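Right, one structure below, let's go through it.
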Amino acid sequence: MTHTTLFTSESVSEGHPDKVADQISDAVLDALIGQDPNCRVACEAVVKSGMVFVAGEITTNAWADVEQITRNTVLQIGYNDPHLGFDGETCAVVTAIGKQSPDIVMGVDGREDQELGAGDQGLMFGYASRETDVFMPAPITYAHRLVRQQALLRKNGRLPWLRPDAKSQVTLRYENGKPVAADCIVLSTQHSPEISQESLREAVIDEIIKPIMPPHWLDKHTRFLVNPTGRFVIGGPVGDCGLTGRKIIVDTYGGMARHGGGCFSGKDPSKVDRSGAYAARYVAKNIVAGGLADRCEIQVSYAIGVAEPTSISVETFGTGKIDEVRIQQLIKEHFDLRPGKIIEELNLLRSIYKATATYGHFGREEPEFTWERTDKAEILREAAGLAAANVTN
């Protein structure tokens, strides 16, 4: 008997106000970590109408022009016209930045790199599945690709009436756990006032949705909802306040996996909210790529100032080819999940973070995304005593 279910994930464009804030936070981090790899950064941003407020705790020997970094980021996104109500040339930039608490420094710094203590307590999840060629859930993968396509057509001038703010939502139909069709696709995009709704709908379906979605998933039952409220001229930080760290499900697995609650952007890799989640994805992806399971979720947890994880757990949702206890043993044998070793293994002390702030931190194929490597898949497969796996990444 066929078991049919629906699952939905959403994504947002680089011009969405929360993503504007994420990009500012990570742009500041990149500017500092490139000069001072041992900097400690926790940088938050709030954006609204004509103002950006940047705040946080930063301890570093480097210097960065936070105001200019903020303006450049806003302009690069596409908010470069006063008529939009928010632009990088004229917006006010207010900063309130202090230093990291010395109580935290005691537990994190001043040790050998491999014994670097976790920057805070917390729990993180990593996930991978065989649904897509990038070992990610299909709904979030295609939701990201839709808003990336919107940005591409906006920036290259093919659809000049597009504006920076946009959201996508993809509902896929699953049969026996595998995606087989698109049930509903929502694409809401900010636009200039002169474009008609009829022309906008036609262009979005033909130029954004159809080139991205697999054609065999689109049938007579697929619903296309383009700007469902009609007009979307006012958008970005004029329409909504944006805040760093408010799109944590968009940043990860679109709701297909659990989330520990900590955001990524604006945090240097001593913060395990970020580095621990990246490592958990690295572990889960190698387990799936190695053929040990078709789906895998890893949980890892830490205590502030302590290097060793307080727990590691594995869930394979009944798809494991070997016992989960054995998978957990293999993780401990082949992955060092102390923060200092994660940073070293994944080469995280680099200016790579602004690129992660849009279109998801996982399922990316750019070389900077070192946690997407499957270099341990074959090692895990052999250690598990399994036949050759089909490793595609």
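Cβ atoms here come from the backbone N, Cα and C positions, even for glycine.
Among the ranges 67-77, 100-110, 166-176, 254-264, the stretch that Swiss-Prot annotates as region 'Flexible loop' is 100-110.
There are 23 other CB atoms within 10 A of the CB of LYS271 (L-methionine binding site), with all protein chains counted. The Cβ of ASP240 (ATP binding site) lies under 8 Å from the Cβ of PRO17, each on the same chain and at least six residues away in sequence. Annotation for LYS247 (ATP binding site): same-chain Cβ neighbours under 8 Å, separated by at least 6 residues, are VAL12, HIS16, ASP18, LYS19, ASP22. With respect to their backbone Cα atoms, GLU44 (K(+) binding site) and GLU57 (L-methionine binding site) stand 9 Å from each other. If you draw a 10 Å sphere around the CB of ASP18 (Mg(2+) binding site), it holds 22 other CB atoms from the protein chains shown. Residue with the densest Cβ environment among the binding-site residues HIS16, ARG231: HIS16, by other Cβ atoms within 10 Å. When other Cβ atoms within 10 Å of the Cβ of GLU57 (L-methionine binding site) are tallied across all protein chains shown, the result is 15.
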